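Undergrad: Mind having a look at this structure? Questions to follow.
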Amino acid sequence: MAGLVKKTTGLVGLAVCDTPHERLTILYTKILDLLKHFPKHAAYRKYTEQITSEKLELVKLEPDVKKLENLLQGGEVEEVILQAEKELSLARKMLQWKPWEPLVEEPPANQWKWPI
């Protein structure tokens, strides 16, 4: 990691991460490992895997934190870490919910018709 470690994020309640590359690598790897348990045809798996792989590649290639923040386009690197933590949490929930499975019962006719 090139350059000095910043003293503050400038965001209330969001502490500076001393090892952002390591933290992001761990989070993105956990997300990708979890996605392997999803069916290959699941839309959530396809798109989340693609986005997460791209971000992980950027983390591996760019040692400078400021440049990495610009490449990831998610604000401060600490905000990106927070986003990755939330994505990991969502992936765990999606695995429980199994949205790729068929509905338990058919929806009522005209359920999505508007106006009624």
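Placement of Cβ uses the backbone N, Cα and C atoms for every residue, glycine included.
Feature list, courtesy of Swiss-Prot:
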MOD_RES   Ala2  N-acetylalanine
MOD_RES   Lys30  N6-acetyllysine
MOD_RES   Lys46  N6-acetyllysine
MOD_RES   Lys60  N6-acetyllysine
MOD_RES   Ser89  phosphoserine
MOD_RES   Lys98  N6-acetyllysine
MOD_RES   Lys98  N6-succinyllysine
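I'd like to know what surrounds each of these features in this structure.
TA: Neighbour density for Lys30 (N6-acetyllysine): within 10 A of its CB lie 17 other CB atoms from the protein chains shown. Under the three-state DSSP scheme, Lys30 (N6-acetyllysine) falls in the helix class.
DSSP assigns Lys46 (N6-acetyllysine) to a helix.
Non-local contacts of Lys60 (N6-acetyllysine) by the CB criterion (under 8 A, 6+ apart in sequence, same chain) comprise Thr25. Taken residue by residue with DSSP, Lys60 (N6-acetyllysine) is part of a helix.
Other Cβ atoms within 10 Å of the Cβ of Ser89 (phosphoserine) number 11 in total over all chains.
Following the DSSP three-state reduction, the secondary structure of Lys98 (N6-acetyllysine) is coil.
Counting every protein chain shown, 10 other Cβ atoms lie within 10 Å of the Cβ of Lys98 (N6-acetyllysine).
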Undergrad: On a C-alpha basis, identify the one among Lys30, Lys46, Lys98 that is nearest to Ser89 (phosphoserine); the candidates are the modified residues.
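TA: Going through Lys30, Lys46, Lys98 one by one, the Cα closest to that of Ser89 (phosphoserine) is Lys30.
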Undergrad: Whole-number answer please: how many Å between the C-alpha atoms of Lys98 (N6-acetyllysine) and Lys30 (N6-acetyllysine)?
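TA: If we compare the Cα positions of Lys98 (N6-acetyllysine) and Lys30 (N6-acetyllysine), the gap is 19 Å.
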Undergrad: Per DSSP, Ser89 (phosphoserine) is which: helix, strand or coil?
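TA: Going by the DSSP assignment, Ser89 (phosphoserine) falls within a helical segment, counted as helix.
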Undergrad: For Lys30 (N6-acetyllysine) and Lys46 (N6-acetyllysine), determine the Cα separation and express it in whole Å.
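TA: Lys30 (N6-acetyllysine) and Lys46 (N6-acetyllysine) have their Cα atoms 16 Å apart.
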